[in-house]
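Engineer: Before I ask anything, let me first share the structure, which is written out below as structure tokens.
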Amino acid sequence: MVSKDFLESVFDRALDVTAVISLTVEPLTIIIMLLYTPKRIRRYSFFLINITLWCFLANLVFSIFHPMPMMPLVCFKLNGILHELFTFDHEYIGHILLFTILLFAMNATCGIFISFQFRYMSLAQFETIRNIRTIWGYIYCVFLHLTVCGLTITLYQRFIISNADYGIDPTTVDSTSMFCFQPSGVNKILPIGAFFAYFMIVVIGVVILGVLCSCKIQCKNGVFSPKTMQLQKRLLWNLLVLCTIPFCLAGIPFLIVSATVYFNHFTHARLICTIAMIPIVNHGALTCMAIIVMFKDYRQAVCRLVSRALGRK
């Protein structure tokens, strides 16, 4: 049996290491995509930047805030540098920070879905897309992200509960740095079920759009030049691979975390939830590394930057 103190210590150190890696790799990748993307894939890169930016913002919050699961209570403990350096209402701040992380995660997932939507439209309705003003594409993306924000706010508000209403016994549990959620009832089932359904809808949508994109590329054989065909196939393949990383390392662990929150009285719920949160925090940096490796222009840009850095020494 893993002791609580040992589990918290390992969890905090793991997130500290992750923060250093993520806050180095992710902003560097965003800068490289902004500065070194060739014109032929400029619009394509906007969707990668959108996804990466949401992941970076989530990891930025994770770097100062470590939400430690406290099962069998449906609560989390506010750990991390923010807790160590400042004194404040941990319950209120804890909810704000965890909501912020969840909001960024939901929008990153939305960004993945948007990227496949536009990839399909660029293949299936190329002439139509070309005649539509770019501003309408931005408006559509902003609308989807705002819709996701609204749904997340509504569901999160239903899910939270004050420590006093939760009924924590202060003589047996130190609740000074804890914040809690509904332990049972519809206000627990609805948010967890909605987040689960949202993730599954995005996965199914991405799979369908990925298949449709592949079919459209095959239909364009003989219409596109061999060079264009090769570029379109490579862009679709790269997008599929890059989206597989967050689905496997963030999506599946998120479902596990949701399951442990729902089945909070399961014997090893706390340990499983804690372990599942580690890959969620790490997937952004791994996705960024994959972006650098998979695109030749970005690889060359990194090599030049490294060469210049070594040359100065």
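A Cβ is built for glycine as well, from the same backbone N, Cα and C atoms used for every other residue.
Features from TrEMBL:
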type: TRANSMEM; residues: 20-37; note: transmembrane segment
type: TRANSMEM; residues: 44-65; note: transmembrane segment
type: TRANSMEM; residues: 92-114; note: transmembrane segment
type: TRANSMEM; residues: 135-156; note: transmembrane segment
type: TRANSMEM; residues: 192-214; note: transmembrane segment
type: TRANSMEM; residues: 235-263; note: transmembrane segment
type: TRANSMEM; residues: 269-295; note: transmembrane segment
Engineer: Could you tell me what the rest of the chain brings near the transmembrane segment (92-114), counting residues at least six beyond its ends with Cβ under 8 Å?
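Structural biologist: Tertiary neighbours of the transmembrane segment (92-114) are 47, 50-51, 54-55, 57-58, 61-62, 65, 67, 76, 78, 82, 141, 144-145, 148-149, 151-153, 156, 160, 177-179, 195, 198-199, 202, 205-206, 243, 246-247, 250-251, 254, 280.
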Engineer: Quickly jot the same-chain residues contacting the transmembrane segment (192-214) by Cβ under 8 Å, restricted to those at least six beyond its ends, or write none.
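Structural biologist: Non-local partners: 106, 109-110, 112-113, 116-117, 119-120, 123-124, 151, 155, 159, 236, 240, 243, 247, 251, 254-255, 258, 261-262.
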Engineer: Can you name the far-off residues of the same chain, 6+ from the ends of the transmembrane segment (135-156), with a Cβ under 8 Å from a Cβ of it?
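Structural biologist: Answer is 50, 99, 102-103, 106-107, 110-111, 113-114, 118, 190-191, 194-195, 198.
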